[in-house]
Amino acid sequence: MLLLLKFAVLLLTLGLCQGNRQPNILVEDVEDVEPAFEPSRFGSLWPLPQKVKISQDSFKLGSSFRIVDGKGSSAGSSCNILQNAYRRYYEYIFGGAKRQGLGKNRRSAPSELTELRVYITSADSECDGYPSVKSDESYDLSVVQPFAVLRAPKVWGALHGLETFSQLVYEDEYGAKSINATAISDFPRFAHRGILLDTSRHFLPVKVILANLETMAMNKFNVFHWHIVDDPSFPYLSRTFPQLSQQGSYHPYTHVYTPADVKMVIEFARLRGIRVVPEFDTPGHTQSWGKGQPDLLTPCYSGATPSGTFGPVNPILNTTYDFMAQFFKEISSVFPDGYVHLGGDEVDFTCWKSNPDIQKFMDAQGFGKDYSKLESFYIQKLLNIVTTTKKGYIIWQEVFDNGVTLKPDTVVHVWIGSGTNEEMSKVTAAGYTTILSAPWYLDYISIGQDWRNYYKVEPLNFNGTEKQKALVIGGEACLWGEFVDATNLTPRLWPRASAVGERLWSSKDVTDLNDAFNRLSVHRCRMVERGIPAEPLFYSYCPREYKGL
Amino acid sequence: LRISFNSPNFIVCIIFYVFLFFLFLGVWPLPQTLISSTERFHLSPQAFYFGYGRQSAAQQGCSVLDAAFKRYFALIFPDYTSDGTLPFNVDKQFTVEVSVDHNDCDGYPNESSSERYNLSVFSGRASLKAVTVWGALRGLESFSQLVYQDDFGSYFVNKTDIKDFPRFQFRGILLDTSRHYLPVQAILKTLDAMAYSKFNVFHWHIVDDPSFPYQSRTFPDLSSKGAFHPMTHIYTQSDVRRVISHARMRGIRVLPEFDSPGHTKSWGKGQPDLLTPCYKGGIPSGTFGPINPALPSTYHFMATLFKEVSVVFPDSYIHLGGDEVDFSCWKSNPYVRAFMQKMGFGSDFTKLEAFYMENIVNITSALNKTSIVWQDVFDYHERIPKDTVLHIWKGTPASYYAELSRMTKAGMRVVLAAPWYINHISYGQDWHNYYTVQPLNFSGTEEQKKLVIGGEVCMWGEYVDATNLTPRLWPRASAAAERLWSDEKQTSNVDMAFPRLQDFRCKLVRRGIQAEPLYVGHCKQEYQGI
């Protein structure tokens with residue numbers, strides 16, 4: 001990181017006073033460190049770019065300021081992603097400030113910045129494509145007078161650069177939009193930076209999903225892991241099997257995602273450089289599937305008779321695989337991403353054990369009493385099905401642990417909180433790419449500044465060679481839905497997930513908790529100003545408090 | 001991806017739910033007695049009226065009830081949009097007839113206001129009888145919760161008979177507007193939700209170390225220098241009046257807290273010489289401690305401030321704080337030490353604190369106000385005036401039970417907050433903990449137990465502002481509300497309470513309160529914001 005000079009004035013100064021804590025019952029809850037806010041030399045940049053140099057020279061952004069395509073950029077006015085982003089960031093930069101008429105006099109004042117020119121430098125801007133795990137997200141930003149210049153090989157980097165540019169703008173003491181001369185060269189440390197939302201345990205209205213995609217972009221996340229169905233409900237409206245949501249959702253009209261909803265989410269995400277990776281978790285976590293698809297689940301037995309309850313997907317019937325083949329064919333066309341998440345976690349064997357037909361099948365296959373072999377049998381067949389759809393797959397760690405044969409490009413998702421480092425070593429030693437979630441289960445809450453724990457995680461802190469570490473493509477913050485719905489999701493996710501965002505984007509040596517606190521405090525106020533109810537880190541205030549009550 | 005949580009209970013609860021639906025019909029907190037039948041009456045918004053009984057002391061023009069009728073009409077019929085064209089149907093009309101014994105329409109609820117009411121729902125009418133308008137408000141809330149919609153959107157209410165009164169007189173919520181400023185809108189919304197859970201005291205912890213948002217007319221510098229921002233992060237006099245009036249309309253008292261001598265850092269910015277200068281090595285260090293108890297000017301200032309506060313806030317209680325006083329700064333200051341010598345306190349700084357609190361309590365007594373103080377004041381100084389109310393905030397059940405015994409034995413009235421520090425969050429259904437509290441389970445006589453006037457849910461502000469206040473508060477605070485209102489024997493089982501509370505939380509969501517979910521599930525109408 002290059003060194004830099006201090007900001008003269010900060011956009012959002014933020015107050016934090018020293019003082020006693022109020023009554024607390026539990027002594028151990030008391031923060032060991034009393035955070036004291038002071039402006040960071042990096043302003044409010046979040047996540048911190050790889051290389052930043054900010055000078056003291058400041059420019060004003062007048063009413064005539066524009067974000068424009070640079071001459072010779074490979075993406076022009078027909079590039080929707082960029083044109084939409086220009087408008088979005090113009091509005092974020094100038095906020096609710098009264099629109100002034102188009103400045104007639106577009107001649108620049110001595111210290112005015114009149115344009116941000118955006119250049120896409122590679123021949124294929126990828127403007128009409130979807131982001132992928134291999135997307136180039138790098139960009140260079142140079143704020144000099146009179147034109148700031150943003151260069152990126154692809155539109156994905158340009159989107160991040162626009163966010164960074166908007167974070168550099170601040171209000172001077174007279175409320176004028178200002179920006180300091182700055183040079184930034186930036187790229188993500190990890191390619192996969194995800195947020196998992198669970199729309200099965202509680203249904204999340206589309207509006208809530210979109211608001212969180214918007215916030216993900218502010219934090220440079222690039223994967224929305226949509227844990228769309230699970231035991232409690234099946235809100236995905238399948239064109240091939242409409243009964244699944246008709247019978248399996250909380251309500252067949254008000255609590256479903258129609259094809260149009262899904263399309264909207266995918267396009268909204270694409271415009272922000274975010275991949276949508278759907279998860280259809282099997283063979284466990286499928287209670288809701290059974291309501292609309294008879295014979296899919298295993299009938300559990302009590303003694304010699306069916307008990308009326310059902311277990312995991314029934315792995316011994318051909319109809320199961322016919323169903324899965326058709327179903328995943330649909331999924332592969334509805335979701336454009338190169339990957340689909342197949343779940344495979346927490347399979348409970350008791351129901352399989354109780355079922356005499358399953359036992360017979362086990363004997364015939366020579367599985368003995370080892371039900372993990374049956375699970376592997378199922379998963380193997382499922383993976384073969386999904387392979388025919390030309391998709392890559394992501395699976396939870398148990399699938400790897402149980403020794404299922406995986407394609408070399410399989411992504412193993414590590415989530416179990418104990419023995420995480422050993423697991424990371426094992427998975428990467430076996431040559432699989434890996435995503436880490438274990439330390440970032442954000443549904444677990446406690447009083448205090450738990451963002452610090454998420455921030456302190458070092459994903460490559462396991463025993464392994466450089467080659468192994470290169471297989472870790474990123475991580476995900478998971479917000480499971482047991483206790484979360486539209487009423488509390490957004491403030492519970494932000495800014496706690498922002499801590500994960502910086503860990504996955506910024507350089508490994510960005511670990512200063514105090515500097516992070518100072519930047520994150522202002523970043524959270526910026527999210528609030530942009531209409532996102534991101535909760536406070538500690539006692540403090542935002543110049544413009546949340547108004548969306 | 002989750003270790004299965006509570007699911008056997010969950011199934012049991014579903015079974016209970018079907019059963020309980022007819023038994024309790026979703027009134028939260030549970031009324032003292034409720035008898036209902038499966039006989040149901042159709043309600044139509046076009047033929048629904050509120051009216052005053054002939055014998056009622058309050059009649060049309062009663063501000064509290066007229067406003068409540070308007071409010072509850074909208075709450076009872078959330079889908080109804082008046083376009084003015086539908087003629088009111090006189091055939092199948094339904095009237096809720098309200099009668100009260102006292103015309104207290106223009107007053108404020110107070111510490112001895114009766115909230116008792118009787119509600120009977122018959123064919124074509126309901127009769128709601130109460131001693132005061134405050135009781136009538138509680139009855140209207142219960143009535144609104146009895147009304148339900150079938151799958152086709154029609155409204156129904158079952159034949160019901162309720163006799164109800166609160167178990168405890170004081171049922172409070174503390175909000176902290178110093179650690180984070182809460183916009184007035186956030187406070188008003190909380191007052192709405194409080195009324196839905198039958199809370200009746202808004203304890204406004206208005207100032208503290210981090211900021212002083214109360215704009216005093218006598219000492220405007222307190223907020224112009226001590227607020228986070230002197231223009232945008234303050235409560236003007238009209239803001240305060242608005243809060244008090246909004247609360248009054250819902251039968252809620254507004255109890256202001258001006259905590260001293262500790263927790264006063266923000267006061268010092270606008271009031272020079274109020275705080276004690278701390279010393280280091282014989283010279284002032286530039287930092288300040290608690291209020292300076294050794295200067296006469298301190299007591300002049302406090303008397304003037306509390307005179308203002310006693311006029312601005314109509315409630316008969318003023319909360320004086322008195323918690324967590326750090327003695328180190330007092331100890332460092334030679335003038336304070338000299339004052340200790342003069343007063344004969346030796347080196348016992350608790351005596352100095354007691355001296356200070358005694359003076360402050362005398363100031364409020366002279367203003368005809370009842371003082372309420374945190375337990376620290378009693379712990380240090382048992383000889384406080386008998387009419388002071390003590391507020392317990394510390395400790396485990398064992399220690400707050402011991403404290404309850406001691407305080408009530410000394411004849412003092414007590415409010416219990418210790419088990420309801422709702423700013424402490426944890427994973428899972430922590431409402432169980434708030435629900436299963438047994439406030440009177442301490443050793444003491446019947447007389448002693450009567451001295452426990454109630455309890456309070458505290459939402460301290462370190463980690464809470466307008467972005468997350470509402471979902472953190474509701475429905476967790478509602479669990480405490482049932483403990484404080486309802487009969488303990490009838491409401492001791494969390495599995496029985498679960499489906500009712502789930503139903504109630506969906507009602508809150510329907511009413512626009514973003515109450516968070518208890519567990520996996522859904523509401524017919526989900527929250528529509530973000």
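Every residue gets a Cβ built from N, Cα and C, even glycine.
Where the annotation comes from TrEMBL, it is an automatic prediction and has not been curated.
Per TrEMBL, the feature active site, proton donor maps to B:GLU324. Note: B:GLU324 (active site, proton donor) has non-local neighbours B:GLY262, B:HIS263, B:ASP376, i.e. same-chain residues 6+ apart with C-beta under 8 A of its own C-beta.
Residues annotated as disulfide bond in TrEMBL: B:CYS62-B:CYS105 (among others). DSSP assigns B:CYS62 (disulfide bond) to coil in the three-state reduction, placing it in neither a helix nor a strand.
Counting only same-chain residues six or more apart in sequence, the Cβ atoms lying under 8 angstroms from the Cβ of B:CYS278 (disulfide bond) belong to B:PRO284, B:SER285, B:THR287, B:PHE288, B:GLY289, B:SER328, B:CYS329, B:SER332, B:ASN333. In the three-state DSSP classification, B:CYS278 (disulfide bond) falls within a strand. The disulfide bond feature in TrEMBL is assigned to B:CYS278-B:CYS329 (among others).
What TrEMBL records for B:CYS506-B:CYS523 (among others) is disulfide bond. Sequence-distant contacts of B:CYS506 (disulfide bond), defined as residues of its own chain at least six apart whose C-beta falls under 8 angstroms from its C-beta, comprise B:CYS523, B:LYS524, B:GLN525.
What TrEMBL records for B:27-146 is domain 'Beta-hexosaminidase eukaryotic type N-terminal'.
Per TrEMBL, domain 'Glycoside hydrolase family 20 catalytic' is recorded for B:168-487. Note on the domain 'Glycoside hydrolase family 20 catalytic' (B:168-487): its mean pLDDT in the predicted model is 97.
Annotation source TrEMBL lists transmembrane segment at B:9-30.
Of all Cβ atoms in the shown protein chains, 22 besides its own fall within 10 Å of the Cβ of B:CYS62 (disulfide bond). Working note on the disulfide-bonded residues B:CYS105, B:CYS329, B:CYS523: by count of other C-beta atoms within 10 Å of each C-beta, B:CYS523 ranks first. As a summary of secondary structure, the domain 'Beta-hexosaminidase eukaryotic type N-terminal' (B:27-146) carries 31 helix, 34 strand, 55 coil according to DSSP. Classification of B:GLU324 (active site, proton donor) by DSSP places it in coil, neither helical nor stranded. Chain A comes close to B:GLU324, taken from the recorded positions B:CYS62, B:CYS278, B:GLU324, B:CYS506 by a C-beta to C-beta distance under 8 angstroms.
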